[in-house]
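Asker: Taken from Swiss-Prot, the feature Mg(2+) binding site applies to D10, D12, D145. According to Swiss-Prot, the active site, nucleophile annotation covers D10. Here Swiss-Prot flags D12 as active site, proton donor, drawing on a curator's inference. According to Swiss-Prot, the substrate binding site annotation covers F18, F44, Y65, T99, K134. Taken from Swiss-Prot, the feature phosphoserine applies to S182, supported by a large-scale study or a structure entry.
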Amino acid sequence: MARSVRVLVDMDGVLADFEAGLLRGFRRRFPEEPHVPLEQRRGFLAREQYRALRPDLADKVASVYEAPGFFLDLEPIPGALDAVREMNDLPDTQVFICTSPLLKYHHCVGEKYRWVEQHLGPQFVERIILTRDKTVVLGDLLIDDKDTVRGQEETPSWEHILFTCCHNRHLVLPPTRRRLLSWSDNWREILDSKRGAAQRE
């Protein structure tokens, strides 16, 4: 009997368009302040790039994503919802949404659950894994826009597939790392390669 391939899919920047929502919210709330266009975003933490632009902007940009309604109102990444549904329907495949809440979690946790229910349905709500440390979660693949995922486990069970986002598209990955350019890229090929490896175990 074939072993199932378990795919962990990050939420912000992979399923939900965090970066576009943040820029839109920042410009709406602070129209007179300088902002970082998406094509100039560098580094996973927007707060740090805004801090480098001007120190007081760090708290201002954080206030946007810490506000009620921010996570709930994020638009889906193009193709994400269809891809995850299709992936979940594949034989011998388990899909979980693996997402990290903010430290100021008061609004984001509930809104992440509501976002998933609204866009993917209640069956995916049961597949949410909420954790600050993704390295301790067992899986075969982690699709995530964060370029480096660290935690308690130095060698996590999953292979990290870097999902291309505005803040990481400039990074050159070593030959051993794989990247998914978008949901129209060939994610099925990545799953098939991992499935073949699982069957040889």
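In case you wondered, yes, glycine gets a Cβ from its N, Cα and C as well.
Describe the structural surroundings of these features, if you would.
Answerer: Its Cβ placed at the centre, D145 (Mg(2+) binding site) has 22 other Cβ atoms within 10 Å.
Contacts of D10 (Mg(2+) binding site) defined by a Cβ separation under 8 A and a same-chain sequence distance of 6+ are given as I97, C98, T99, L142, I143, D144, D145, K146, F163, in order along the sequence.
Same-chain residues at least 6 positions away in sequence with a Cβ under 8 Å from that of D12 (Mg(2+) binding site) are, in sequence order, F18, F71, L74, T99, D145. Classification of D12 (Mg(2+) binding site) by DSSP places it within a strand.
Around the Cβ of Y65 (substrate binding site), the same chain contributes F18, G21, L22, G25, F71, L102, C108, each under 8 angstroms and 6 or more positions distant in sequence. Annotation note: Y65 (substrate binding site) sits in a helical segment as assigned by DSSP.
Neighbour count (other Cβ atoms within 10 Å of the Cβ, all protein chains): 14 for S182 (phosphoserine).
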Asker: What's the CA-CA gap between K134 (substrate binding site) and S182 (phosphoserine) in angstrom, rounded?
Answerer: 22
Asker: For K134 (substrate binding site), what is the secondary structure state per DSSP, taken as helix, strand or coil?
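Answerer: The three-state answer is helix.
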Asker: Give me the non-local Cβ neighbours of F44 (substrate binding site): same chain, 6+ apart in sequence, Cβ-Cβ under 8 Å, ordered along the sequence.
Answerer: D145, K146, D147, H167, N168
Asker: For T99 (substrate binding site), what is the secondary structure by DSSP, using just helix, strand and coil?
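Answerer: Going by the DSSP assignment, T99 (substrate binding site) falls within a strand, counted as strand.
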Asker: Based on DSSP, name the secondary structure state of F18 (substrate binding site): helix, strand or coil.
Answerer: helix
